[in-house]
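TrEMBL lists A:7-263 with the feature domain 'GCVT N-terminal'. For A:E196, the entry in TrEMBL reads substrate binding site. TrEMBL lists A:283-360 with the feature domain 'Aminomethyltransferase C-terminal'.
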Amino acid sequence: MSKETSLHGVHKGLGALFTDFAGWSMPIRYSSELAEHKAVRETAGLFDLSHMAEIEVTGPQAADVLDFALVGNLSGVKPGRARYTMICDETGGVLDDLVVYRLADEKFLVVANAGNAAVVAEALAERVSGFDAVVDNKSEDVALIAVQGPKAVEILGAVTDADLGALKYYASVPAVVKGHDVLLARTGYTGEDGFELYVPAGEAPAVWRILTEAGEPHGLLPAGLACRDTLRLEAGMPLYGNELSLQLSPYEAGLGRVVKFEKPNDFVGKAALEELSKKDVPRVRVGLKGSGRRAPRHGYTVLSGETEIGEVTSGALSPTLGYPIAMAYVDREHSEPGTELSVDIRGRIEPVEVVALPFYSRA
Amino acid sequence: MSIPQDLKYTKEHEWLNVVDGVATVGITAFAAESLGDIVFVQLPSVGDTVTAGEVFGEVESTKSVSELYAPVDGEVVEVNGATTDTPELINSDPYAEGWLLKVRLSGDVPALLDAQAYAVLTQEN
């Protein structure tokens, strides 16, 4: 039996089609995933992301324990700001990618992927040992609602007194949305401007309703996981389980910049990551652009001539761009933008070109 | 979801309308809804033969690919080019504008589901 978010009844009322995702029953789409995708690019979309895990780390050494437990320099993050980072194992393999909000000097909120919630919570609980800090998994109590798209500011601005103009990308602020206390963050996973609202689970249906009403005149649509995936793919953002895994380090993923060796103290995975940082990894993440309508998909083989040189990790016919796009891991010598490769699409060899990520950037 | 009473259905979610030995073939609203927005369809050419139970084409949505299985033996006498140009017709009008093929039967019509039996099948899914 899949877990349900506090918004499940709302989704049912909207006629959502559900899918099991990481043990959660989540809306995959409400009507048309292409319409939802377009809404996020052109007006706004409303997402339920309550399956994500929220883990609070508090105490005098909260920053220190996160510096030790994660690859980023969290003590260098100012209160009110957020950071994209990763948690690795001793070998440098990625346990999960995370967004960490510093809420106060001694208080952080770590947001993990639903599928890795237990792994991250356990790793943090283990790594806090010896530090004067407390790790508290708040996932059950916290719902997460995202408003993403060019109209997000107008929609949210109508229902909160928070100064949205002053809220920078990757920043958060406690705010009130028509009487409901939320943590309002300017973060997202769609390549658009937008906000994520951390809400007490019981209040999520009310906040969803408020945002729906405020969004109606702007064309806001409820948006499911199907369009979330095509949006993040166009934005070149990695998905754990596709572009990231325990078998890969941040370097293969092209995300070595998140590893901060200049931190004063040791951190889990440091020795292995230092070794990896010194050499060229054999395979790297690239973008592929196809022609026609057939999309390379997860698991398909990438070829140079007749030689297998990589594998597709995510792909779709880009709803915004109108041509097939994919991310893949390919041998380093074939990773330069402009390189002509091909993908075996169910027995048909279709040409693709290596292109720089992201595929889509908002104007 | 509507299931037209006058059509026959396969367990693989195709529909058939046989008139004077020619079967018009499409996929059901249930199949189209399950796939999501269809963005690509690959169909055989006029003159190709299809064999019952074998793959004759594929439909691709944003998230998935499905093979199309021929419900009958026969020769393709017409292909709905509108669906290859505008695959979303399969979502918006699966039983009319979104038809896929017309096949001149070369053998008997196999045992198929009627609307009621197909309704039971989709409820089980």
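Note: Cβ is positioned from N, Cα and C throughout, glycine not excepted.
Just so you know, TrEMBL annotations never went through curation; they're auto-generated.
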(Q) Need one number: mean pLDDT over the domain 'GCVT N-terminal' (A:7-263). (A) 97
Q. What is the number of residues in the domain 'Aminomethyltransferase C-terminal' (A:283-360) that are helix, strand and coil, as DSSP sees it?
A. 3 helix, 45 strand, 30 coil
Q) Near A:E196 (substrate binding site), how many other Cβ atoms are within 10 Å of its Cβ? A) 26
